[in-house]
Every structure is written in C-alpha cells, then in structure tokens.
Ligand SMILES: NC(=O)C[C@H](N)C(=O)O
C-alpha cells in the first residue's frame, strides 16, 4: 500500500480514473504513512482521518460512475492558516486555542469542490512568521532531508596465498546520514515536509515573503506563489494582507500546475482577487522555451553567497540556454532595499491584523482583574516571541512621528522595486532566474539564527522582492549541495503569467531531475 503514497498527483489521477486504485486505498495508505512518520517529523498538527475516509468514499462513488472533478480522490494536506469549517484552525498559535471556524476558506473550498480529500492540518510558523518552522506553538517541524557524509575508502591491493590471488584495490565510497535534524524552512514547513516525506500528495501553503518558495527549496519540492490576487485570501488567517498569497507545494511541476488551477479563482468575498480566467496551467508544460528571454539580475549576486549557490545558478542558466532561451543580464537596482522594506511593511500590517486577538472573540482567554488586564494577559500568554517582536515593530513604525520615516518610506521603496521589475519586463524579458535561497536547510535550533533575528530574515533575501511587487514566483529543485541537501532555483514572471513559470520550471526539472530524501523516519 505504501507505494501509493509515491504516486504523483498526475499518476494517481490516471490510476483513479482507470479504476486501478480507489480513493479509499490511497487515502488509507497516506493515513498509515502519517501515523508512522508524524511522531518523527511533526508535520501534521491534526489528522482528520474520519473526514478523509468520508471524502474518499464519496470520491469512489463518483469515480465508479465515471464522474468527479480534476482532483477526485487525491489526498492533500492543508496549512493551518486556512480556515476549515468545524476543524482546528489556529495558525499554529496558542492565542487561537480551540478555534474551529464556521466557514471554509475559498481556496480549500475550491479543492474540495474538485474532489480532493483532506488529510489534516499542517504545522507552520506561528501566524506564518518565520523561515524555519520553529516559531510554531506545536513545536518545530523536521525536514525529512538529512546531511550526508561521503567517505571514500582506499581498498588495498591484497595477495592471498601462493596462488597469488590479487584483489583489484581501488576506492569504495559509503554515504552516511548525519543525525542532526534540519529545519524544513518556513513558514509552510509542515506543508513542505509532508509533501517531501510522502505524507500527502500535495499541500496548500501561503507566501508573504517566501513562505512557499523557501521551504520548497529546503525540501526538494516545487512551490509556486502566484500573482497577488490570483487566489482568494478569503478565510485564510491574515498576516500581512497586501503581501499574503496562497499557492501549492507539490512533488513536481506538473502537480503544482494541477493544484494551482484548482486553488485559483475570482472571489467576490476578496476584493483583491482579480477577475481573470484561470488558464489550464498544465497545458504550458512541455512547450518549448526557444527564443524566450531570461533575465539574470546582477543585484542577486549578494555578498557572502556560497559558491555552491552561484554554481547552481550557472547550471540553471546553462540548462535554459541549451533549451534555446536567450540569456540577458538585467539590473533591478532597488533589490537591496527590499528586505528592510518588507520587514517594515509586513510587521505594520501584522500589528493591525493581529489586534483582533483580544481574548474576547477567539481562542484563548486569560482572566484579568478588568478588561484591559484580560487583554494584556491573554496577548502576553497567547503570542510567541517572534509574533510579539513583529507586533512591536509594526506598532512602532505606524506610530505618530515614525510613520513618515518608516512606513511611508517603505511604501515608496516598494513602488521602486515594482518599477524595477516593470522595466525589465517592458524591455522584453519573459522570465527572471535567481537562486531561491542563499543556503541549503540549516539545523534546528541553529545558534546564529536564534541569537540574531536578522540572520533568519536573510533567508528571504531572494523571495521578498516578488511579494513586494505582487509578482508570481516559483521555486524548483535544481540539485544537491556537497552534503546531499536540496537546493532550488527561482523563476519570477510577469503578473498573471504563471504559465511561463510552469513552462520554464519544467525545463529545469527535466534537466535536474526530481529529488527524494533517503528514508530514515
Ligand atoms: N510568511 C513568510 O512568507 C515568511 C517570511 N520568512 C516571514 O517571516 O515573514
């Protein structure tokens, strides 16, 4: 049965439609895999097994009649940020203890309408704030990937007895997995870990400054943040509303295209969702990229970037060139201001969005001597360190006297960043290629990151620009580092041109192959 969990969505879809397997069988295989692996990986915070079985049964009834949607019978995991009716939705925060919404987010409703089966809610950084999944109230998620060491042994040439038997000698290599646990990235760490470890066929995720693409890169999976407005934000717990976008994490580019097609829609309940038809993204896969103009932004060559990342980038450039693309150097001159500006805009919006958690309307309430005391005690107990840090930064940059110096400036910088991209695209660039992250996955409880939050924020250096400009970006696995850990490349496209991203990412995937962790859990 466990083999069923190794099918990609497109493979499972074909087998389900051909009645070679049933939705119940594949769902049971995933539930068993979760039961076995979750104590080690902590990817799921809730497993909705009864619901999964009911949904699978309903899918089987439809499939038996030759009916069903595009995802009929496909088991998925859902990031805990998505409101799921009657089911635990806590953004992995203590402050939302016991919260079960009476509504379903538009994105998840779209998936269920297309026949997908819900396996459970996935772990994440608290309120999506983080790049390591260590700020979750439910504890860190473990990356299924581990560093490995390659030992080369020189085998001596041996002689045996008078017969003069001679062994060939030479070298032998052995790969040993390191025991150190690594982060899966964040904030969608549960989604990335679960997809990579075969604990769901695909997962929903969100990306405010890199939360889909960075964990995808850290786990050898594919993650796309679509254009702002492509997926409805309705029913998703808000972090920074002008930046938040939902998207999928999947095992390959085709699966990501299938999932995004289902998740995306125009929604009157979210005024920022855009009224444009959702194309058949899968149709873009396999289309040649001959003549496509690929921009390489010189400002993404940041100080201290490891040689391995530069080498990966060069490899990506060579693959696209070999496939007939034209490579052009471009300049995005305001890139270096993106990270500081993001860490003003995002906390500012967060401080406003998170004001609603007051102990009255949702979740946790810690009694106090009066209402103000109750607010204070609830918020002090309910929010974790990183969330408190962002609320304080956000409140500060919005306060009278500082608003102009910080928030207003950051908004201006945001416009300049957007204009940089517009200039590149109007000059004829079709897609931009960059590394997805400045490093491979790092260790859980990494001392440097824990001591200095800015080090953690630097994880977002290549991804935040895309959110600031509202553009689509995809992370696609492109190789392994010297320690055997996955590394990803990022492609950035024109607004609403996700098709070009899938088309180009598929070329990289074809050249690089797909990557699976060695099973230890
Ligand atoms: N939410 C995100 O996109 C993650 C980003 N690292 C942040 O902490 O803001």
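Backbone N, Cα and C define each Cβ position, glycine as well.
Pulled from TrEMBL:
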ACT_SITE  79  active site, charge relay system
ACT_SITE  187  active site, charge relay system
ACT_SITE  211  active site, acyl-ester intermediate
DOMAIN    25-150  domain 'Amidase'
DOMAIN    179-501  domain 'Amidase'
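With a cut-off of 8 Å between CB atoms and residues at least 6 apart in sequence, the same chain places 121, 122, 124, 188, 190, 191, 203, 204, 205, 206 near residue 79 (active site, charge relay system), listed in sequence order. Taking Cβ-Cβ distances under 8 Å and a sequence gap of 6 or more within the same chain, the neighbours of residue 187 (active site, charge relay system) are 124, 125, 128, 129, 130, 131, 133, 206, 208, 211, 215. A sphere of 10 angstroms centred on the C-beta of residue 211 (active site, acyl-ester intermediate) encloses 37 other C-beta atoms. Within the domain 'Amidase' (25-150), the DSSP-based counts of helix, strand and coil residues read 47 helix, 21 strand, 58 coil. DSSP assigns the residue listed as 'active site, acyl-ester intermediate' to coil, not to a helix or a strand.
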